[in-house]
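The structure appears below as C-alpha cells.
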C-alpha cells in the first residue's frame, strides 16, 4: 500500500478577476495559453468575491484579508459594519443583551444614557445608522435623558460634511420625543491613536464635565461657528451644545455610556481614559463610575468592560478541520501574501495547526512591483512543485500575489507581464498535480488586473474590483460545476474532493459535484 499522498491543491491567483471586456484588461491582453486551455477544456465556473457574498456591504469591492477569511472559513464571515447592518435590519440589535442591560440600569436609577461615536456615514470606524438605532433603542426602553456626544469625521467623508449627519440626529431625537446632541468635537481629538493624550483629554473633559472651549445652542450652530473659525469637521474644537434652559449633560455616576465605534484602533485610547483604574495618559479631573460602559466591539482584549459584539470565533475552519482529522497541509506564498494563506485563511489564528507546514518565499526587494512583475513566482513554483511531488501533503494552499501587487501599480504593461509569468507557473503546477494523481482548484480572492483604467476618470485604476473570479478544476475525477458560488464555497469543495465530511459550521456548498 502506497503511503504517498495525492494532494488537493488550492492555487489562489491574487487579484485575478474575470471581465468580458478586453479594454484596459491586463488578463485578456496577456498571452495565457495554459489558462485559456484550462478554461475551455476543464470544468469551470465564476464565483462572487465581493459585496454581501463575502460579508461586506452591497457592491463593495473585495480585498485579500476578507477573501482569505471566507475561503478558509467555508461560510460567509460578516465584517463588523455588515454584521451590525444585518442585526439592525433584522431587529436583533434592539434585543442585544449588553446594550439593553446598560440602558435598563440607567433607566431604573433615573440616570442618563450617553452615546458617543464617530457621527458620520463613512462606514470605516462607525456608521451614523448604528447611532440612530441606538437612540431608538434607548428611547424604546424608557430612557428620558439620552445624550449624544458626536465625534465629527471629515476623513472618511468630505472635510465639511457633518451638517447632514447632525440634522439626522436632531430629527431622530424629535421623532422619539426625548434626548439631544450634547457635544461635538473633531475626531482629531476624540479618536487619537498616537498617544497624544492632550488631545484625548479635551474630549474627555468635554464629555465628563460638559466643559469645552466653545458653547452653542444647537449642534448645527456649533458646527457653523467652527467653520467660521476655519476648522473642518475633523478638527472642530470641543463644543458644548446646550440650549437655553437645558440641563447640563455632564456624565455622572450611575449613567450608562455606549461607544458606537466598531473599529478598534481609534477607539482604544479614549476608552482606556474612561475605564482603566490605573490610567496614566493624563490626570483625570473627574472619574465617572458608570452603571455600564459598553464598547460596541472588542477594542482590545485587556480592556475590561462590557462588549456588545465580541469577536466571533470561527470554529472548524478548513485548517482546523484538517488537523482534527490528522491530515497534513502546506501553506505557501511570497512575503506579500504569506499572512493571507496562514493567519487569515485560518480565521485569525496565528499558530499553525498540528500537521500544518508553512513555506515563506521572500518577495523581491524592489521599490514597486512593476519593476519586477514576475516577483518571486519562479522560486515559489519550484517549491510548490517539490511539495506536490513529495507525497507528504493531503492539501496545499498557495497564493501567487502578482495579479494584485502589480495591478496596484497601475502600470498596464507590467500587469500583462505578471499575468504571463503566472501562466508559465500554472503550466508547471498542472503537470505536477496530474503526475502525482492529485487534484487542483485554481481561483482568486478578488479582482484587480482585469481593470487597469478607470473609465470614468481615464486615470489608472489601482484598486480592487467587485467582479467575479474564475474557478477551475484540474484532476482525474468526473465532476460537474455548480454556478452561483462564492469564496466561502471553496473550503467545502476542497473537502468534498478529498472525500471528507463537511463540518456543520461550514454553510458553503461544494461547487464541483463528483459524478
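Cβ from N, Cα, C; glycine included.
Annotated features in Swiss-Prot:
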type     : residues                                         : note
ACT_SITE : 64                                               : active site, phosphoserine intermediate
BINDING  : 14, 64, 445, 446                                 : Mn(2+) 2 binding site
BINDING  : 125, 155, 156, 187, 193, 263, 264, 265, 266, 337 : substrate binding site
BINDING  : 404, 408, 464                                    : Mn(2+) 1 binding site
One should report the C-alpha separation between residue 14 (Mn(2+) 2 binding site) and residue 156 (substrate binding site), rounded to whole angstrom, as 27
Could you round the CA separation between residue 445 (Mn(2+) 2 binding site) and residue 266 (substrate binding site) to a whole angstrom and send it over? 28
What is the nearest of the binding-site residues 404, 446, 464 to residue 266 (substrate binding site), using the Cα of each? 464
Where residue 264 (substrate binding site) and residue 404 (Mn(2+) 1 binding site) are concerned, what is their Cα separation in Å, rounded? 27
One of the recorded positions 64, 404, 408, 464 has its Cα closest to the Cα of residue 156 (substrate binding site), namely 464
Among the recorded positions 64, 125, 156, 404, 446, which residue has the fewest other Cβ atoms within 10 Å of its own Cβ? 156
Spatial separation of residue 446 (Mn(2+) 2 binding site) from the residue listed as 'active site, phosphoserine intermediate' - C-alpha basis, Å: 7
Which chain-mates of residue 464 (Mn(2+) 1 binding site) that are at least 6 residues away have a CB under 8 A from its CB, listed by sequence? 15, 50, 61, 62, 63, 404, 446, 447, 448
Surrounding the recorded Mn(2+) 2 site, with Cβ no more than 8 Å from the Cβ centroid of 14, 64, 445, 446 and those residues left out, we find 12, 15, 49, 62, 63, 67, 68, 337, 340, 399, 404, 444, 448, 464
Counting Cβ atoms within 10 Å of each Cβ, the densest environment among the binding-site residues 193, 408 belongs to 408
Residues other than 404, 408, 464 within 8 Å, Cβ to Cβ centroid, of the Mn(2+) 1 site? 14, 15, 64, 403, 405, 407, 446, 448, 449, 462, 463
Per 10 Å Cβ neighbour count, which of the binding-site residues 14, 445 ranks highest? 445
Simplified to three states, DSSP reports residue 404 (Mn(2+) 1 binding site) as helix
Rounding to whole Å, the Cα atoms of residue 193 (substrate binding site) and residue 408 (Mn(2+) 1 binding site) are apart by 28
Cβ neighbour count (10 Å, all chains) around residue 266 (substrate binding site) is 21
